[in-house]
Amino acid sequence: MLKVSAVLCVCAAAWCSQSLAAAAAVAAAVGRSDGGNFLDDKQWLTTISQYDKEVGQWNKFRDEVEDDDFRTWSPGKPFDQALDPAKDPCLKMKCSRHKVCIAQDYQTAVCISHRRLTHRMKEAGVDHRQWRGPILSTCKQCPVVYPSPVCGSDGHTYSFQCKLEYQACVLGKQISVKCEGHCPCPSDKPTSTSRNVKRACSDLEFREVANRLRDWFKALHESGSQNKKTKTLLRPERSRFDTSILPICKDSLGWMFNRLDTNYDLLLDQSELRSIYLDKNEQCTKAFFNSCDTYKDSLISNNEWCYCFQRQQDPPCQTELSNIQKRQGVKKLLGQYIPLCDEDGYYKPTQCHGSVGQCWCVDRYGNEVMGSRINGVADCAIDFEISGDFASGDFHEWTDDEDDEDDIMNDEDEIEDDDEDEGDDDDGGDDHDGYI
């Protein structure tokens, strides 16, 4: 009888201690100013000095390469399995969903996704079920020093060069220092005027800004395209977005527009463009985007964005024609589409592909007019030269060649579903499902 009583007392004490610990954790979360939400924690938010925004505003475009070693954590980092549970730093760490806390010492803890943790274990040749201790890492750890930002060749900003070298070692990639300071790199041509003196930027300076930004967007695009699932993970609301209206420019320019357009309204306001204004001494960057706003409504539409960059480059038709001639060499490839250029090097309104017998209408930059492609000669009497006609006050539908066939299939399925819903609405009267 005494043994049974002792066992009951021990169980009751253990249950009480667990209840008190749970209550203390809940009270700590409620007592915090952020309500236990790590997205509201100041350490996760951007600062005024880095992005010129108010403290307490979540910046979706902060450089994730530098975020708490999420991307750079590897099983090779020290891991002490004999940590005192009372001093476990993970007790103070709030990880998001699908992530686990890994304690490296008494003061360092990082949140690692389950998938990334398993992937890193496989790369290291260690089964996560058999992991019993640290793995020797060949990547040199960086000391704590005063930040000296550098821009890497992958388009990301690093707090100092050692961080860049460590990131390259962990990822097994070749990353070099492109310039000192934040990305994008400034032009090589020094400015002789004072930084406080506002002046008008020349066309040559606008072209340099456009080329520099285009190179930066390309580096970011190529770096982000290595993981095709990133687009789906980072843009969960894309399925609610009308994909029939997309930037008419392709590749990195259209990709960057979609990344900046955080509210999916096909317009870039000043808060969305502010992520690009990283170099305070570069006066022509903001002036360049101001020149893109042809409607002067403080908004840049998808078409204004594309044409603003396109008009700052060499004549597009002549450039494409020269590239085709270089690829062909002496031999002329059968079935090759040859663009028709005007005397200024821009595209003629009517373009035809003789091998397939189709013609279509384009603007002077080669952007195809939706619905104009037919078998035979197209009637392209309208002048599609743009100087703000398709700006933020006027939407036009364009197709995006980068969309996958699955996306096109999904769009067709959605159209069929909409038709069925319309039929149901006609039969059901005034019933609504809550969507407009």
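Note that Cβ sites are derived from N, Cα and C of the backbone, with glycine treated the same way.
Sequence annotations record features per position, and here Swiss-Prot assigns signal peptide to 1-22.
A 10 Å cutoff on Cβ-Cβ distances gives Cys101 (disulfide bond) a total of 16 other Cβ atoms nearby, all chains included. DSSP gives Cys101 (disulfide bond) a strand state. Swiss-Prot lists Cys90-Cys101 (among others) with the feature disulfide bond.
In the structure as shown, the Cβ atom of Cys111 (disulfide bond) sits within 10 Å of 20 other Cβ atoms. Summarising the annotation, Swiss-Prot assigns disulfide bond to Cys95-Cys111 (among others).
On the 0 to 100 pLDDT scale, the domain 'Kazal-like' (133-185) averages 79 in the predicted structure. Annotation source Swiss-Prot lists domain 'Kazal-like' at 133-185.
The disulfide bond annotation in Swiss-Prot covers Cys139-Cys169 (among others) and is backed by similarity to another entry.
In three-state terms derived from DSSP, Cys142 (disulfide bond) belongs to neither a helical nor a strand segment and is classed as coil. Marked as disulfide bond by Swiss-Prot on the basis of similarity to another entry: Cys142-Cys162 (among others).
The disulfide bond annotation in Swiss-Prot covers Cys151-Cys183 (among others), and the record cites similarity to another entry as its basis. Its own atom aside, the Cβ of Cys151 (disulfide bond) has 23 Cβ atoms within 10 angstroms in the protein chains shown. Classification of Cys151 (disulfide bond) by DSSP places it within a strand.
Look at Swiss-Prot and you will find Cys317-Cys341 (among others) tagged as disulfide bond. According to DSSP, Cys341 (disulfide bond) sits within a strand segment.
If you look up Swiss-Prot, you'll see Cys352-Cys359 (among others) marked as disulfide bond. A 10 Å cutoff on Cβ-Cβ distances gives Cys352 (disulfide bond) a total of 18 other Cβ atoms nearby, all chains included. The secondary structure of Cys352 (disulfide bond), as reduced to three states from DSSP, is extended strand.
Taken from Swiss-Prot, the feature disulfide bond applies to Cys361-Cys380 (among others), supported by similarity to another entry. Secondary structure at Cys380 (disulfide bond), taken from DSSP and collapsed to helix, strand or coil, is coil.
The compositional bias 'Acidic residues' annotation in Swiss-Prot covers 399-430.
Helix, strand and coil content of the domain 'Kazal-like' (133-185), in residues and according to DSSP, is 11 helix, 9 strand, 33 coil. For the disulfide-bonded residues Cys111, Cys139, Cys183, Cys359, Cys361, a Cα-Cα cutoff of 10 angstroms around Cys90 (disulfide bond) retains Cys111. In this view, the densest Cβ surroundings among the disulfide-bonded residues Cys169, Cys359 belong to Cys359, judged by other Cβ atoms lying within 10 Å.
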